Amino acid sequence: MHLFSAMFLLVMLAAMPCEALYPSPEEGWQIYSSAQDADGKCICTVVAPAQNMCNRDPRSKQLRQLMEKVQNITQSMELLDLRTNRDLQYVRNTESLMKAVDVKLKTASDNPRSLNPKSFQELKDKVTQLLPLLPVLEQYKMDARQISRLREEVRNLSLVLMAIQEEMGAYDYEELRHRVLLLETRLHSCMQKLGCGKLTGVSNPITIRASGSRFGSWMTDTMIPSSDNRVWSMDGYFKGRRVLEYRTLNDFMKGQNFVQHLLPHPWAGTGHVVYNGSLYYNKYQSNIIIKYHFRSRSVLVQRSLSGAGYNNTFPYSWGGSSDIDLMADENGLWAVYTTIPNAGNIVISRLEQQSLEVLQTWDTGFPKRSAGESFMICGTLYVTNSHLAGAKIYFAYYTNSSTYEYTDIPFHNQYSHISMMDYNPRERVLYTWNNGHQVLYNVTLFQVIKTAGD
């Protein structure tokens, strides 16, 4: 008999889309992964601070204040530089005038009789032209005093920085920050390897963009490395062929930097998925699944999903030719649909990604027309009870044990009409198309880590 020691760990998978979806700084300390107690039980908790760890250190406040002072000093120096250059130019322009006045004064001093009324007026006019130089010289005096104050401020800053450096010892602020970021990266990688868990919660919605019609689909690749941040968008559910590929999530948010793929066959519904560089979708007015390769812009394979209803025979509650819903999770590629022999109940089939052959099939017993949407996480199908406001995740079917249970996991259907809802195992978030809005949800998974014993 095997004894199992287990740790039950709630992992909050928070987002930033940007690229890998980390917790926001306001969320405080995060629990990620593992250790072991004296009895050998896998209690496994490593706690890592969020990226703003140093904000809790009073030295960080000092550093921010110093940075602000340095910035103020820099701005003051720039202002002094501009003013000095301007005034210096004025002095240079009046240099010839001052020389002319000096010559006339010397002439008048040597020969007073040469200073007739006309010459006296000319001299008076030139002296008048020199009068604006007096405030310029006064400004020079003020700037000299300002420079003296700035010199003293810089000296004080140097003393404070030296004190902070001594207090911090061998590590400076940037090195500490780099170490924290490196630790967070390693912990996040460890978190991704924790394995599968049971869905226990869904976060508030994060609206990424409002674009397109009421119905559609958007996604990132569920399998490729995280360095690839491309986003695909497919507007509409009826006879569409145009797929937009954006370079990054940020480009998608701004609606820029995209290329267009024109599919050789139109699609039906919104149950598409991008998996390992290819788009899998339901061909319009058929139960045929097509695998379209983005790089070669060609269809690699197409295969009929035997017995599957199509053309609004067995859609979700919102309709939209959503008879066949393709999705991917940690265990691979799946098709969710139904057939007449299954009396309209949801059928799950695991597909071989190259040939699209059905590897195994499960009958969930849940009527598809009563489902708003569904998605797979770790081999478990989760079904919502509506596509409208007030919906919740109502049903879960576990393919590993061929069992089911009714659930009560609420989520906020912000725009009141969800026509696509899919889980991305690479980012561990839910992608939804909600009444012309592209929305993300973070998920909370109940992790059970087991270790075999005697």
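Glycine is no exception: its Cβ is also placed from the backbone N, Cα and C atoms.
Range 137-167 is the one annotated as coiled coil, of 137-167, 261-291, 416-446 (source: TrEMBL). Around the Cβ of C196 (disulfide bond), the same chain contributes E330, I377, C378, G379, L445, each under 8 angstroms and 6 or more positions distant in sequence. With a 10 A radius on its CB, C378 (disulfide bond) counts 18 other CB atoms from all the protein chains.
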